[in-house]
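Q: Have a look at the structure that comes next, please.
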Amino acid sequence: MAADLGPWNDTINGTWDGDELGYRCRFNEDFKYVLLPVSYGVVCVPGLCLNAVALYIFLCRLKTWNASTTYMFHLAVSDALYAASLPLLVYYYARGDHWPFSTVLCKLVRFLFYTNLYCSILFLTCISVHRCLGVLRPLRSLRWGRARYARRVAGAVWVLVLACQAPVLYFVTTSARGGRVTCHDTSAPELFSRFVAYSSVMLGLLFAVPFAVILVCYVLMARRLLKPAYGTSGGLPRAKRKSVRTIAVVLAVFALCFLPFHVTRTLYYSFRSLDLSCHTLNAINMAYKVTRPLASANSCLDPVLYFLAGQRLVRFARDAKPPTGPSPATPARRRLGLRRSDRTDMQRIEDVLGSSEDSRRTESTPAGSENTKDIRL
């Protein structure tokens, strides 16, 4: 329950909102000191383990890289770094908003938290765009499906997010009060209006725009997959049903993890400057704190999603060792004098043409047939 205290007064009985510097309302946040340490701890351990396994597969088992695997690798790096930033926050909230470390480390932890959160969002966007091009324009996507282009895009994503999150190092600070040092995730009172403006820009640039792009991509893919093939009738083939379900799961996870967090955080920041009742502000504050673990859970769910979408990675993880023998077409390529990069491009073309042929077989197969092939997204 929140109570009016007057602007910039101290709090009573340890119920001061740890993210605020002398705000006019006093919030009862005892639930936060249980919810956040437990939820961050639950996310941290499996998040590190799952993404470590993913990175092992990418670095040690995967021999051929394309745009999709490149984006997934950087997504795994981002999620692993995000999970690695959680132990200090677990300790901080378990101690009741007491930060025994330096101000520099406080700034760094908050910076890593938001940097890797938004890197994950942008790499999910890159994967979605790549899949969309592969479904809608499979041949034209060959040029942009090369690993070297994906590496450039991934590098641009890291530079963009690091540049956008650099102001966090300026805004975030610590404050001592009643023998307790608080590591704020906002700013000092005199900078709060600027921080809200900055957060609004980041909301649009690093969440709203990527979310809209992902939504459009998956709607277009679903429309293409749900469109009946020429000369066929009956229900949707099993492969297409599976692909549509995968699309629905990706959208649901993205919306569940990121949308509530960003909506409640925007309301939390915006309404603090309005003359609202403390009861309303306390409800918004509680909603914001509850949605924080949802955003963190994405680092555990991402490995499951891209393993489901990339069945080739699952085979690499399952097999004792990756195939090393030459493909049947290798001697012919050697006779033609193709370089390694040319052979890679040839293989990519064959994969796409093979996928197109599989898609045509799928579309011509009656509903319920056991010969239906999976469509690669």
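In case you wondered, yes, glycine gets a Cβ from its N, Cα and C as well.
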Q: Any idea if K63 and N285 are on the same membrane side according to Swiss-Prot?
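A: No, opposite sides.
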Q: Can you tell which of C44, C164, C183 is bonded to C106 by a disulfide, based on Swiss-Prot?
A: C183
Q: Swiss-Prot tags one of N9, N66 as N-linked glycosylation site; which one?
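A: Checking Swiss-Prot against N9, N66, the N-linked glycosylation site entry points to N9.
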Q: Does the transmembrane segment (111-129) reach the transmembrane segment (33-59) with at least 3 CB pairs under 8 A, where each pair is 6 or more residues apart?
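A: Contact between the transmembrane segment (33-59) and the transmembrane segment (111-129): absent, because fewer than 3 Cβ pairs are under 8 Å.
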Q: Which has the fewest other Cβ atoms within 10 Å: C106, C183, the disulfide-bonded residues listed?
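A: Among the disulfide-bonded residues C106, C183, the sparsest Cβ neighbourhood within 10 Å belongs to C106.
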